[in-house]
């Protein structure tokens, strides 16, 4: 059907310049590590006549790597105001300016003999990723029909995984990962940006944003027509109008207002728990230190880049499978209180073989045991669908609170990414083959929280979900309302 094709193309146009960039820019920096460090040393030697010490080179490289999550944090903070003032689609389009600036800086860094340009490039790349990680799930969830909302929003995780894999492939020595071509590798992130700038303008803005934020009913209906075709729009439009009436007279909220509002207590707690768990699970530590882990497992150095591609491929297969399952079920369920427990418990499964892998890796280095490869892929083949967490603020917050909720989620995501990336080597050094036990505890606690405290969203509108949380937020007051106390005592006769 035409409307299905339009929705699919909208997803692709938003994803290619959105969360795809997050995954792509995480992976492309790994391949040229040694070349960039050598470039830093050579540049400093030409400037001062004195080479850099190894500790200083490591410090400069750490600053280069840390610039990405720092930029991501800034991007997450500005994403909310951008989404409110510019709209979802226009924010995604404008966001490409950051990555194009980054591509120019990194592409000409060697010509300009400036490693500082690489650091600044990584910062702007992080800003781009921080904005897209917040706005793309919001845009897609608000544009999708109710029965496909969960599946459509989950495609954000699929594009992240696709970016990881393509970045790993492009970073091979045979392509752009060589000593002479690494500036082109770092600048290649301009290609997805140009694709989005060309494609996304042809697709509509979020219908909910047009109606509820701008009050433009005609543009909303026009956007719905493009996305839904000739389908009956009366029920969906009635739901939007009801939400518009519910938030009439309100302004867009700030993040600190969400924390102080008792009517949003459980919603805020839920996004804090799940957004933190998305990084504190230790999944991204595998990408930061994949080369080191595989080297310790006894895999030859020249084979490691190809094995690392297997890590991204496993996540891509898992995320695409999750999307297909949700498409098949055709419901709005993203964090159903029963199925989410199963998902989160599945999320913990990699850590048991992970311990086994770390034990066997010691034996590999001594005996080159071939079954270590099985342990490695046991560790890699189960991945949590991060897109579930990405759509949660859309599901549990109204239109006026949603951008602020995404600011909170994005800030936690980038802060915890920095925290885990910094702490992981020390955890490995302290706990050895038990290094994933802390992450296992995080996963189990998250699964228990979801199972016991998060209400179902399956088959419900945004207003119905808000009513579910309202009952939980004011449960104590509701119970008190049934007890009015003893009647006034008129006499003291014994």
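Including glycine, each Cβ sits where the backbone N, Cα and C put it.
Mean pLDDT for the domain 'Major facilitator superfamily (MFS) profile' (11-458) in the predicted structure: 80. TrEMBL lists 11-458 with the feature domain 'Major facilitator superfamily (MFS) profile'.
Taken from TrEMBL, the feature transmembrane segment applies to 7-24 (among others).
The transmembrane segment annotation in TrEMBL covers 56-80 (among others).
The transmembrane segment annotation in TrEMBL covers 92-112 (among others). Listed as Cβ neighbours of the transmembrane segment (92-112) (distance under 8 Å, sequence separation of 6 or more from its ends, same chain) are residues 14, 17-18, 21, 39, 75, 82, 86, 118, 120-125, 127-128, 131-132, 135-136, 139, 183-184, 186-190, 192-194, 196-197, 200-201.
Beyond the transmembrane segment (118-139), the same-chain residues lying 6 or more positions past its ends with a Cβ under 8 Å from any Cβ of the stretch are 14-15, 17-19, 21-22, 25, 29, 36, 63-65, 67-80, 82-83, 88-89, 91-92, 95-96, 98-99, 101-103, 105-106, 109, 153, 156, 186, 189, 193, 206, 387, 390-391, 393-394, 402-403, 406-407, 409-410, 413-414. TrEMBL lists 118-139 (among others) with the feature transmembrane segment.
Residues or ranges marked as transmembrane segment in TrEMBL: 151-170 (among others).
Residues or ranges marked as transmembrane segment by TrEMBL: 182-203 (among others). Long-range contacts of the transmembrane segment (182-203) within the same chain, counting only residues at least 6 positions beyond its ends with a Cβ under 8 Å from a Cβ of the stretch, are 6, 9-10, 12-14, 16-18, 20-21, 24-25, 28-29, 31-32, 35-36, 89, 92-93, 96, 99-100, 102-104, 106-111, 118, 121, 125, 128, 170-171, 176, 226.
Here TrEMBL flags 404-427 (among others) as transmembrane segment.
Residues annotated as transmembrane segment in TrEMBL: 434-454 (among others).
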